[in-house]
């Protein structure tokens with residue numbers, strides 16, 4: 001009886017997954033397949049129906065001793081460096097702050113409803129608005145950030161947050177951390193909710209300190225949810241574009257890989273190169289996500 | 001020297017309330033600054049200030065009347081609500097299967113679903129544009145519902161799958177022993193326990209659909225069908241260079257308020273207390 | 001009875017067929033305040049003159065977003081999207097294939113317009129757009145401060161540097177701590193290309209690419225121009241200027257913290273606004289000349305173009321003629337504050353009474369230098385990108401003029417390949 005029940009469940013499972021799969025295959029499948037396809041052509045944006053197949057030329061090609069293609073473009077590699085640095089720094093800070101916030105929101109205290117609402121405010125403001133707002137806040141002469149630095153720390157240097165390439169990446173990190181820490185905090189909070197209170201009670205009775213409770217109970221139990229949140233945050237951070245564009249426009253020094261792809265497609269009309277860059281972005285992100293998933297699986301196996 | 005219970009409680013409260021204050025200040029200050037800016041006009045906008053010097057409500061009037069934010073608010077509410085509804089519905093069923101049933105190709109399916117979210121938005125844009133025109137959805141809110149639902153699915157499916165996996169098998173087995181069908185199991189057993197996860201993903205998906213800009217700009221061209229982010233981007237001063245900062249901030253404040261209200265209503269559910277009870281039983 | 005019915009039917013049919021032949025044209029309506037009034041004015045005239053209807057659509061103000069949107073619409077070959085739209089000065093070559101050839105229709109109007117913009121709108125001898133309104137870079141200065149220190153508005157860059165350094169030092173000694181000499185737009189975007197064009201051309205270094213399409217940037221005069229500006233950074237120009245677009249730079253001048261500013265004419269009206277601390281204190285002049293006596297200001301502004309896929313070419317051309325005649329341009333000035341492109345209007349008493357500041361700008365408009373967009377056609381974005389990125393490097397100190405112009409020459413030649421297309 002058990003076996004046929006399993007078989008029935010398997011069939012039902014496919015039916016249950018079908019709507020999601022259908023929607024994704026139809027609506028997302030077409031643009032993605034198209035991107036792959038165009039990366040092997042020399043199509044232009046204003047006339048996508050006229051093109052020739054050029055094989056791997058958009059990725060890498062040599063002729064007359066001169067090489068061309070995305071993989072040879074130093075700007076591409078600069079963008080890769082910028083994006084990786086940004087991802088590591090930004091997601092790291094967000095994880096740390098998000099964890100603190102989640103632990104805070106998990107407590108019972110007066111006014112907790114207001115705190116939970118307040119924490120979601122950064123996520124709720126449209127990015128185009130918050131990006132421009134941060135742009136103004138980082139203005140070197142009249143921005144609030146420099147003003148506060150002067151008023152609170154007496155630091156009068158009028159930092160050129162947006163003009164200096166190194167500072168501007170930090171400005172982007174600050175704006176991004178502000179905006180997406182709520183996302184991490186919320187995900188981690190939902191995970192914290194699943195931990196039954198009696199586990200903590202038992203540990204407290206056994207005399208475990210707060211840090212030990214955190215390390216031995218909380219961390220392992222929220223690890224799956226934390227990894228999912230990390231995967232999505234990393235994927236989003238790797239694809240960042242609008243914050244950098246609003247804060248630093250088309251500067252080569254701070255360009256991200258998504259910005260590179262967009263520049264090729266939209267500014268230069270070059271769908272071939274732009275699609276090749278997009279496919280490369282996909283491959284990078286897929287690789288990193290696969291690593292995270294592997295870590296997650298190992299973690300699951302360990303628990304068993 | 002052992003700390004007394006009262007001292008420990010005091011330290012505990014200090015940490016919590018101190019942390020809460022810092023968190024709220026950090027998150028809300030830029031929004032507070034936006035409200036401040038929306039109440040200033042003209043020359044004042046260029047200088048930093050921390051307290052309102054006067055209350056110029058004219059920016060709000062301009063944003064509402066001259067730029068028709070009210071209409072776009074309605075459009076945004078419609079699109080976001082429908083998106084979240086369809087998304088959650090489709091995701092719950094899919095994640096149940098992916099989390100609780102062992103079938104071949106499960107891991108591959110999960111990864112493929114994730115892959116949808118790995119492309120830069122610009123790459124997807126031209127393809128979606130073609131698709132939307134092909135389906136005759138160009139310049140209609142349906143185009144936005146389709147795109148937002150599709151691209152929110154990976155996130156909602158993955159999160160719900162993860163949360164479903166952490167629900168103990170005993171609960172489910174108890175329900176099966178009681179003779180419940182699969183759909184009833186989903187409805188009566190899982191959905192209530194998953195309430196925090198559902199509310200969280202629903203809120204995040206709602207906000208994602210609310211704030212999305214690129215698709216909304218490209219797929220809709222009539223001014224009465226616009227959503228909020230595009231409507232705000234259409235604010236212009238007398239020349240292409242000038243940004244009417246005051247009215248933009250006023251519009252943003254008006255646009256963020258519904259979300260704050262939404263969160264206030266649902267935030268209790270984010271931390272539902274059902275979990276411990278259900279699992280113990 | 002039969003006769004009545006028959007005539008009724010004929011009337012009805014005539015009515016139907018008339019309606020069937022009446023097209024709805026879609027035109028872009030500027031989103032600035034006053035745009036709606038202006039568009040209604042155009043709509044009235046158009047619908048009275050032809051039997052067609054006019055509908056309006058709006059595009060975002062930001063140049064990049066608008067271009068991306070337009071290109072998507074063109075790629076989809078959607079003739080219903082828009083028939084008449086405003087094209088940025090630098091898009092005329094880029095959108096060559098998507099815009100209607102207007103040479104036959106409006107070629108005879110050539111003499112009525114300023115020659116610079118008209119030439120910019122002609123691609124390969126074909127008229128592809130008609131100038132709608134003019135914009136150009138100008139030098140703003142503080143009349144009151146120049147008076148206080150007994151200086152005249154600078155005629156050369158050397159003068160400007162000297163005056164700015166002196167007055168900045170004096171003002172700071174007097175307690176005005178945050179005072180700067182010269183402000184411009186230094187962010188890595190199209191505006192920096194405009195600024196760079198102005199510096200380099202005024203030094204006699206050419207316009208990056210000449211009208212024949214040859215890359216001319218690698219010359220010592222261009223290098224000298226860039227080195228001059230690099231010398232300003234941190235001294236009379238804040239380093240943060242490399243993060244300024246138009247509004248951020250205007251903020252510094254508007255707050256009274258700058259002596260000179262290079263910006264577009266829009267800033268003038270704002271500086272003379274009711275609550276402005278600069279009311280009556282701002283003067284406008286052509287940008288200073290380089291050592292060889294040439295002054296250069298970049299041409300900006302917008303042009304009206306017609307979608308090549310439009311269903312009703314005649315109606316669209318009729319609409320274009322309405323939009324670009326003298327009356328419309330006067331209305332445009334009145335409702336939108338846009339400077340006219342017809343040279344005669346700058347002598348018109350009524351116009352000058354309504355907008356006295358136009359007298360200040362007339363000479364400057366007449367001599368505006370266009371960017372090499374039309375010559376480089378669809379590759380202009382790459383050209384501009386190379387220009388502003390290289391300039392940015394010189395200004396933030398990571399490169400010097402000589403290496404930069406050599407580098408830029410190589411980059412531009414690589415973009416060009418065999419020829420611009």
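Glycine is no exception: its Cβ is also placed from the backbone N, Cα and C atoms.
Quantities reported herein were computed from a predicted structural model and do not represent experimental measurements.
Long-range contacts of the transmembrane segment (B:12-35) within its own chain (CB-CB distance under 8 A, at least 6 residues past either end) are made by residues 249, 252-253, 256. The transmembrane segment annotation in TrEMBL covers B:12-35 (among others).
According to TrEMBL, the feature domain 'ABC transmembrane type-1' maps to B:73-266.
Feature annotation from TrEMBL assigns transmembrane segment to B:77-99 (among others).
Same-chain residues lying 6+ beyond the ends of the transmembrane segment (B:108-129) with a Cβ under 8 Å from its Cβ atoms: 98, 147, 150-151, 153-155, 157-158, 161, 214-215, 218-219. According to TrEMBL, the transmembrane segment annotation covers B:108-129 (among others).
Feature annotation from TrEMBL assigns transmembrane segment to B:141-160 (among others).
Under the heading transmembrane segment, TrEMBL lists B:189-210 (among others). Nonlocal intrachain contacts for the transmembrane segment (B:189-210), taken as residues 6+ away from its ends with a CB within less than 8 angstroms of a stretch CB, comprise 76, 79-81, 83-84, 87-88, 91-92, 96, 144, 148, 152, 155-156, 159-160, 163-164, 167, 171-172, 175, 180, 227-228, 259, 262-263, 266, 269-272, 274-275, 278-279.
Long-range contacts of the transmembrane segment (B:243-266) within the same chain: residues 31, 34-35, 37-38, 40-41, 45, 56, 58-60, 62-64, 66-67, 69, 73, 76-77, 199, 202-203, 206-207, 210, 228, 231-232, 235-237, each at least 6 residues beyond the stretch ends and with a Cβ under 8 Å from a Cβ of the stretch. The transmembrane segment annotation in TrEMBL covers B:243-266 (among others).
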